[in-house]
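Working notes, structure below.
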Amino acid sequence: MGQSVVVLGAQWGDEGKGKIVDLLTEEIGAVVRFQGGHNAGHTLVINGKKTVLHLIPSGILRDDALCLIGNGVVISPAALIKEVSELEDAGVEVRSRLKISPAAPLIMPYHIALDQAREKAAGGKAIGTTGRGIGPAYEDKVARRGIRIADLHYPPQLEELLRTALDYHNFVLTKYLGVEAVDFQKTYDEALAFGDYVQPMKSDVAGILHDLRKQGKRVLFEGAQGALLDIDHGTYPYVTSSNTTVGGALAGTGVGADAIDYVLGIAKAYATRVGGGPFPTELDDAVGQGIRDRGAEYGASTGRPRRCGWMDIVALKRAVAINGISGLCITKLDVLDGMEKLKVCIAYEYRGKRTEYAPLDAQGWEECTPVYLEFPGWTENTHGITEWDKLPVAARAYLRALEELAGCPISIVSTGPDRDHTMVLQDPFA
């Protein structure tokens, strides 16, 4: 039987998953996306060349990797076409290697209009979505009024579905949110055209995955966002609209639990968050700004500056527990170079008591004050180091402490943005 590894974020997203997925896709059978949409931004740097992927799996830059998009992903037609075109213009063969589940829901123009109008209306209480229609598309999926890839190939059914959806959403857009209605004919024509475009890529993703496993092929499940943004397990309501945890890999592709052999959790050597929501270790000072500048902490999808803070072990332990993480990958270690001291949150003060467990709601998280353990920093340059013994003593001590505090071994350490700036301590596929 083949081996399957799930790669997912163990914080609030932006942990560097794309680079690690690309690293692990050598001699891979397939890479599959299982949740989210083009709100993800996976940045790859190979031989100094930067590529940002939002929807297509990061394995697309490997010539022999099959790339799959599962039923759990919501697809923007415009975003997919744009990304395919950009990659093909750069000489990457995409359409013969990209397979998309017919059960994947579409992000329609009215979803984008709803997302943006709601965020504007919310003002200071906005969640901080990317405004790309992800949430409203998932709403329609659950409400059973979503339009899926499969529907594009039955024009009469598509017309009926679209009229029903627009009757509902245009009422909300015009009467409640006070913005313009979305035009039926334009939306219908665009949907039909996309149906023709996507037809050659439409495939039974679940069936492909089952066959690959029988053939002994390696499969990598590529998560987007992070565990603490999970719709069920994250800092609700400041979360994304899908299951970013390991269960999403199963439901979002159509494989069983026995198909997963290893779960790799990606975490930065510090912590970041984009948008609203609780962030106990956030640094609103020169230290936080320094981390942001050195780490180039600006969103790959939105360009928004990321909130930066110290490593939060309480949050990380929760991510390890709810995902059954087998090993951790610590990224951006080099960003901490030159810092005199480092802090790690090992517990919270919550309503007068010390706790090592995170509250289950955003309000509870907001009331938490971090309890820190301090570590010496290092002055040496770790950028690009690929051997454990060549790391500064203090850097090794810091990593070993994270490993012990999180109760999970560190499998990979990343010391820079390039694929080669990595040390693999334990190969997840070994």
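Cβ from N, Cα, C; glycine included.
Positions annotated as GTP binding site by Swiss-Prot: 13-19, 41-43, Arg306, 332-334, 414-416. The number of other CB atoms found within 10 A of the CB of Thr43 (GTP binding site), across every protein chain shown, is 19.
All protein chains included, Asp14 (Mg(2+) binding site) registers 27 other Cβ atoms within 10 Å of its own Cβ. Taken from Swiss-Prot, the feature Mg(2+) binding site applies to Asp14, Gly41.
Residues or ranges marked as IMP binding site in Swiss-Prot: Asp14, Glu15, Gly16, Lys17, Asn39, Ala40, Gly41, His42, Thr130, Arg144, Gln225, Thr240, Arg304. Under a cutoff of 8 A between CB atoms, and with a sequence separation of 6+ in the same chain, the neighbours of Gln225 (IMP binding site) are Gly9, Trp12, Gly13, Gln35, Gly36, Asn39, Ala40, Thr240, Ser242, Thr244.
In the three-state DSSP scheme, Asp14 (Mg(2+) binding site) falls into the coil class. The active site, proton acceptor feature in Swiss-Prot is assigned to Asp14.
The active site, proton donor feature in Swiss-Prot is assigned to His42.
As annotated by Swiss-Prot, substrate binding site applies to Ala300, Ser301, Thr302, Gly303, Arg304, Pro305, Arg306, with the evidence given as sequence analysis. Long-range Cβ proximity for Arg304 (IMP binding site), meaning a same-chain Cβ under 8 A and a gap of 6 or more residues, is found for Val274, Gly275, Tyr298.
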Could you tally the C-beta atoms, other than its own, that fall within 10 angstroms of the C-beta of Thr302 (substrate binding site)?
17
Spatial neighbours of Pro305 (substrate binding site) that are distant in sequence (at least 6 apart) but have CB under 8 A:
Arg292, Glu297, Tyr298, Gly299
As a whole number of Å, the Cα atom of Asp14 (Mg(2+) binding site) is distant from the Cα atom of His42 (active site, proton donor) by 8
On a C-alpha basis, identify the one among His42, Gly303, Arg306 that is nearest to Thr415 (GTP binding site); the candidates are the recorded positions.
His42
Filtered by Cβ under 8 Å and at least 6 apart in sequence, the residues in the chain of Gly16 (GTP binding site) near it are Ile266, Lys268, Cys329, Thr331, Lys332, Ser414
Recorded positions compared (Lys19, His42, Arg306) - the one with the fewest other Cβ atoms within 10 Å:
Arg306
